[in-house]
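A.B. asks: Before I ask anything, let me first share the structure, which is written out below as structure tokens.
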Amino acid sequence: MAGAIIENMSTKKLCIVGGILLVFQIVAFLVGGLIAPAPTTAVPYTAIKCVDVRKNHHKTRWLAPWGPNKCDKIRDIEEAIPREIEANDIVFSVHIPLPSMEMSPWFQFMLFILQLDIAFKLNNQIRENAEISMDVSLGYRDDMFSEWTEMAHERVPRKLKCTFTSPKTPEHEGRYYNCDVLPFMEIGSVAHKYYLLNIRLPVNEKKKINVGIGEIKDIRLVGIHQNGGFTKVWFAMKTFLTPSIFIIMVWYWRRITMMSRPPVLLEKVIFALGISMTFINIPVEWFSIGFDWTWMLLFGDIRQGIFYAMLLSFWIIFCGEHMMDQHERNHIAGYWKQVGPIAVGSFCLFIFDMCERGVQLTNPFYSIWTTDVGTELAMAFIIVAGICLCLYFLFLCFMVFQVFRNISGKQSSLPAMSKVRRLHYEGLIFRFKFLMLITLACAAMTVIFFIVSQVSEGHWKWGGVTVQVSSAFFTGIYGMWNLYVFALMFLYAPSHKNYGEDQSNGDLGVHSGEELQLTTTITHVDGPTEIYKLTRKEAQE
């Protein structure tokens, strides 16, 4: 009688497989920690105040802070008064990147946040619920002498959230407000060498545009992009892991189709998990080096969402298939209460992502958080997804508890068995618990390394060796889930190892009433397999 490989594998072989996977896991962490640089780099920019004295500002004129055709600059706002320069004539210009540097497609994306330096003036204070309106133009070029090409031009509103900690008296004039940073721009590809931002703050007192926003002294930006070195390591990992998971997936399904029965639910779910892992592994990002694909960030979010939804569904079905009655198991409809929250939560996060990054495909300055309605809508989606996640977690904890309780109850039958049979099923129970604990360990490691990467300084030093913690987190966790899926497809593939006829009627099969099972893999056409019978509840219980 054949079962899953995990049922027929000796403890020694299981430990060897576990040791090999552990070695690959350590290598995955070391690749990120020792070879790859930090995942991202943050570059501060201070906008240069250029002067555009044309009477008509409707036609875009690019004002560069430096270079062959640099603009006429002023150092501060006070310098504009004697020169009779109006607020509408001042253009805040930012050249990306800094002098003597170039952007690269290996940077993958650009994210910018905005910081305003606003001075307190008694006659020009920030009013309540103040909103700044910026006229922003984004241009690009690929050499230092060609003309700028417009990439985007939008009116960008942002709500100011500023506090002034000192008393609002004349002696405190000139001190700066404490203002929250504002989301400014996100681009899903870096296809050009140079970018130019021109930010205008048009003032219209009749329409109350940019009135009551205080005296803006400077505009500062922080640009965040992925490091090219990390991108190359990341692409190399995806290129290596894609065929690895694909080959084991084909091998797994081939062994299932060789059986004389149709696949059971757990086998189908494991195969679907392998497909979702392969989908997230396929290194389509290589094409972003040669093509201006701004949708890659959104596509990456969708791929991750599909994988995690499949992973969460697998955990539920894996537990359920080891605790349900015979007629309830092997049907996805029996899990609608548990899988339903996963579907609802995933759909909410998908809609939220489409409302944010989907719109950014045409307007890189858009942010759903900049308006009250957008903020409430985003929070609603996130809260619903959070509630679904909590419900899922409660369902999962309850099902895991039920599985272990059923196993503990059935273990009382083991002493009455023959020694060979008892040792066989004790091994099955051990392997089932082992796999459950490995699942818990993977989830715990994901959370722990995420927290460590957030609270650490980004890297640790031991003598002359520098370990990039954040990079190790990304490569290690990514490698870990690949190894997890690999192990599932390998251990739960049907085994071609059969027990002899004498054993079937002897030590391993003395009485039909003693027949016990740990997995839901059906070993022959007529009956269920070994782990299932051990863990399923009897209908009368």
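Note that the numbers count up from 1, one per residue, in the order the chain is shown.
For all residues, glycine too, the Cβ spot is worked out from N, Cα and C.
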A.B. asks: Check each of the ranges 101-121, 269-289 against Swiss-Prot and return the one annotated as transmembrane segment.
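C.D. replies: Residues 269-289 are the ones Swiss-Prot records as transmembrane segment.
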A.B. asks: Would Swiss-Prot have Phe299 and Ser408 facing the same side of the membrane, if we go by the names of the topological domains it assigns?
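C.D. replies: Each on a different face of the membrane, per the record.
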A.B. asks: Within the topological domain 'Lumenal' (353-380), how many residues are helix, strand or coil going by DSSP?
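C.D. replies: Counting residues per DSSP class in the topological domain 'Lumenal' (353-380), I get 20 helix, 0 strand, 8 coil.
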A.B. asks: Could you give the residue numbers and ranges of same-chain residues that sit at least 6 residues beyond the topological domain 'Lumenal' (353-380) on either side and whose C-beta is under 8 angstroms from one of its C-beta atoms?
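C.D. replies: Here the qualifying positions are 136, 138, 151-152, 154, 156-159, 182-188, 294-295, 297-298, 301-302, 305.
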A.B. asks: Where else in the chain does the transmembrane segment (269-289) make close Cβ contacts, counting only residues six or more beyond its ends and a cut-off under 8 Å?
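C.D. replies: That would be 105-106, 108, 189, 231, 234-235, 238-239, 241-242, 245-246, 248-249, 252-253, 256, 263, 296, 299, 303-304, 306-307, 310-311, 313-314, 317-318, 481-482, 485, 488-489, 492.
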